[in-house]
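S.K.: Sharing a structure with you now.
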Amino acid sequence: EASVARPSWSTVWARRLRPPPASLSTPAAASCRQRPFLTGWWLARRPSMSPARTRLGILLSLRSTVNILDVNNHAPNITNLPGTWRIAENSSIGSGQVYNLTVQDLDAGQNANVSLTLVSGNDRGWFSIVDGFKLTAASNIDREAPGLAYDSAGNGRVLLVVMATDAGSPTRLSSTGILTVLVGDVNDSPPRFAAGTDNRQYQLAESTSVGSVVVPGFDVLDNDLATTNSFVFSLGVDGNFNETFQITPGGSLKLNKQLSRAAKAQFNLTIYLTDGVFNTSTFITIIVMDSNNNSPVFGSPLYQFFVTENDRSGVTGQLIGQVQADDPDTGLNGKVVYSVGSPSNHRYLLAISENGTVTLNGTLDREANAMLVFSIVASDMGVSPRFTTAELRLTILDINDNQPEFTAPQYVGSVPENSPAGTEVYFLPSLQATDRDADNNSFIEYSIVDSPSLPFVINASTGSLTVAPGASLDREALSSGASFAFTVAAFNSRGQPSTLNRTLVSVVVRLADVNDNAPTFGSGGAGYNFSVSEGAGQFTSVGRVAATDPDAGDNGTVMYFIVSGSDSRFVINISTGEIQLLYPVDRELKDFYLLNVSAVDRGSPALSSFVGVSVVVTDINDVAPTFQPSASTTFVLTEESMGVRVVGRLNATDADFGDNGRVTYFLTDSTALATFNLNASDGLLTTVETVRLDREATPVIRFLAFARDSGAPTSLTGTTEVTVRLSDVNDWSPTFSETEYRVYTLEKTPVNSILMVALATDHDEGPNANLTYSVTGNGSDFVSVEVATGFVRLAKQLTLSELLNRGLVRQNGTGNDTAYTPLVLQLTAFDNPTDDTQPGRNGTAALLIFLNQITDQLPTFSQVNYQFSLAENSSPGSLVGAVNATLSAGSAFSVRYRLLNSNPLFQVDEVKGNITVRLGAQPDRENSSQTPYLVITVMAFTDSTPSRQAFSVVLVTLTDVNDNSPQFAAPSYTFAVVEEPARLPFSVGFVSASDADAGSNAAVFFAILGDTSGLFEVDSGTGKITAVKRLNREAAARYTFQVVAADGGSPVRSTTVGVVVQLEDVNDNPPSLPTLVSANVTEGLPADTLVTMVTASDPDIGLNATVGFRLIQTEVPPMFYLQPDGAGNVSVKTLGKLDYATKSLYNLILIAYDLGNPSLSSTATLSATVQRLDRSVPRFDSTFYNASLPDNLAPGTPVFDIPASSTGVAFNYSLGSSGNANGAFVINSRGR
């Protein structure tokens, strides 16, 4: 038994094989293309061997390879079919046009060897397959070949069936595919004329007009497509006599010149055609035919016949007359027949026989048509008939068969009052009657029926109604409604037969008003008196004026205008006469206005009257009392003892009136009340009797004073700051800082050495505190004092011997304790008042000079006086300088140092003599209690017993340190300047600053910060601010920047201050108006119609920006007026109805002006175009008609003829249902 082990394709072979001979089966299909061979092992064992034993060993194994052979089981497939191949006709072998066929066969070897053949569609042998798979043209391809199919685009279509066959054995497999070959057209066929075109004959009348089309086109055949052809026709020269014909490129044959059969009766023409490649031609013959070229001619262009209206003698066939027309042609072309051409609605009335006899069919009404005009036609009977016309006028003769008729059922006329005799009354429609008959049969006469007292007469012939001689027509005097009603008769008296029946009509004559009365004010010309509060708001009613006019309509319609005196503060209602406040009034500026008001009627020409209107502006308490000067008041008062003294007088005014302007004065500050009395009525300021004013205690007294008006219910108050400066009285004596000065010095101290500095103070000021010094006493010759500074110096050398000899000192003690009493002198400080009335004062102090002898044991300073400089603000411990004293050589003692008169600022090192700033002290040059220089007396002493002493005066000068920033005199600055200064630069104001330092540290320089516009500059030294560029309040009303004050120290110290420059308005801008304002207004609209609204703006403020308006118009009377709203807007309105026919364009000048001083203005041209009323809309001549009718009138009786009119548009009448009870009235299409 054998089995397969590890087959390479286990799904193909069976796992178990039978005993030899062994065979192999394939339960699954094998494909040689997927795997061309299989490999496996044969295993052999005994059949009796169990599987377990089989695992122990294999008796026999063999490797085997099986090759899979192909079976022809796949048909070849042409993968790119079906498909389409486009090829141009006339393509042939070698044209390069190839269609590559793609074939696939899944078999292998010979079974996949495929060949292609054309099995269908190549009947014409146009195609062949070369190189196995290339389809090419085998012969010339012709799209126009007979029987060839075409697609919608005209391409020839060939369906080729291609078969693919393999070489399999024993059976060959095959498949087919379809290739659609589209054969594109090429211009390869010549054009040809269609059958019947060649040698064709055409007949053409010699009367044919030039330009006529003889042959619209020729039928042409061409097997090619139209898209490949470009046909062009031309005409041969031969046979085309005198270029009589021409042909268009498209083949339309036209007559180029007029035909004449006599000149040439036949044309033989050659027509050429080309398609751009091929040419062809054809021949045609044109025969010129004779024409009917003569028209009949009437014997007369006008025939006139007559017939009587309503003549029934021959209702049908009544002979009217005879017409005659001749035609020189022969035959039918010369035979004439007659007909009636027009008018079409009356053609039936006439009949014309072949011989020209004219007869009437029916009767005629002359009132319908007094004459009928016919166009009669004479025609020949030619093929193309010719005709001519003549006019036939048929006049209908009148008979008297109609009565007079008025043109309207009632007449309403008008005549101006005050018209003189003979003035005609105007009627619309005119008072007129008509008679439809003619001549005497239509003669009408008129008369007034039963009204003998009328102020009118009527013309019997014309019906014209005129004012009777001596009649006086005054509309305002009539009580009958200003009209007359009466009856007019119209009758016919000359007709045959005569008819005397009258026709009556109602007539109303109204007296039209004439503008013969001017408006009259109700005040009787005495004028009007009004008042208005200055606090009244805009459009507050001030009062009303009223005028009446007895005239009517526009003549009695009154308009009101303010002619002058309003200063643009008031407006008046044009219709009611109410005067209103347009802009606020200020009594303090103007308390009275006298207006000149006119009342104008709307008549033409207009009449007017005038009246004066006084307007008193009543006061309100709107102004607070104002002090002069307003900001502050300064008084100077000498300090003195107690008692009542006059300080000065405060003055406040109030621009209000009465109690509102009555001022009382008062104080509120408790200190001020304790010091001063303020008279409530006159503002006199005095001191309180028990108060003593001391300048040295309070040099300046500031307080607020108030002025209150007496307004009710609320009073207003003004304030001012009062400054009382006390002038000095020399009431203080100089005072030395010490009552006794002790000075220590040595014998033989050099002359001019400084012993001390005497300093005194005086609480007075000015000359009263300007001190000088002197020294007196026995021995004063030894010293001198500088009068102004108080420096005390040695005037001559001091010796004890001289002092003892002169008894100025005495010895005090013996031995080593020997001492001497001091030289006692007196220092005096004097003030120096310049006022002779004030005596000078002085103060004294004792000067004790202690003199020590020079001995061997006495310390000796290296300098009699020392002068040091110290920067202010030096810190504690800072070295001021060093003094040095020595003993004689060989001395066993040492020198120590001490400051006499304990000094709060300095200390001295006891051993070294270094003078330093004391702990906790800080020298300050600017401190008023410290002098610019400091005097220190240093004592040098020995450590012996008794101690020996020496003295030296040290002067310390405090040098300035830049420790103070500049300080502005005010926390901020506000300047008010007018805009647009006349010239630049313009001074705005000053800022000032000071610096407590000294020298360059106290030098102050100014600069501007934050003014990026460069409008302002500041003088660096003086602080003067100037404007260097144009200042325009309308661009910026307020400028804010900072000024910095910097000193000259190092480092620089600076301070800034805010500056506000407020611009006060100048009237430098006129109101702004559009230069041209155009408006349209329809004619006929009532008065007060708004034409347009115009807005003016003014960038100024206050009165400078308050705008008023004026209108300049040349028309008399004026047709427009202005109505401002007080907010810069003004309405332009009509004063009456505008008439397009009278004037269609008004050019007005509108002026806008401000209330500044001086006032500025601007103008605008106002063009008002009057638009024509749409007269195509029907309009009645009157809005009301009335008539009185008798009872029992028959239906159809005329009542009214209501005239209406429109322009160019037909219209119809109709009656509304309202008021027409039971349909009692109807109206026809003509308004009757």
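One is the number of the first residue shown, and numbering goes on along the chain from there.
Cβ atoms are placed via backbone N, Cα and C, with glycine included.
Note that the structure is predicted; figures quoted are calculated from it, not measured.
Per TrEMBL, domain 'Cadherin' is recorded for 79-193, 196-298, 299-406, 407-521, 524-627, 629-736, 737-861, 862-968, 970-1073, 1073-1180.
Can you tell me where each of these features sits in the structure?
M.R.: Per-class residue totals from DSSP over the domain 'Cadherin' (196-298), listed helix then strand then coil: 6 helix, 43 strand, 54 coil.
Within the model, the domain 'Cadherin' (737-861) shows a mean pLDDT value of 87, rounded to a whole number.
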S.K.: What is the number of residues in the domain 'Cadherin' (862-968) that are helix, strand and coil, as DSSP sees it?
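M.R.: Helix (H, G, I), strand (E, B), coil: 0 helix, 48 strand, 59 coil.
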S.K.: May I have the DSSP-based helix, strand and coil counts for the residues of the domain 'Cadherin' (629-736)?
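M.R.: Helix, strand and coil residues of the domain 'Cadherin' (629-736) number 10 helix, 48 strand, 50 coil.
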S.K.: Per DSSP, what is the helix/strand/coil residue tally across the domain 'Cadherin' (407-521)?
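M.R.: Per-class counts: 7 helix, 44 strand, 64 coil.
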S.K.: When the domain 'Cadherin' (299-406) is classified with DSSP, how many of its residues are helical, how many are strand and how many are coil?
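M.R.: Counts, helix then strand then coil: 10 helix, 54 strand, 44 coil.
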S.K.: Using DSSP, what is the helix/strand/coil residue split across the domain 'Cadherin' (737-861)?
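M.R.: For the domain 'Cadherin' (737-861), the helix, strand and coil counts are 16 helix, 50 strand, 59 coil.
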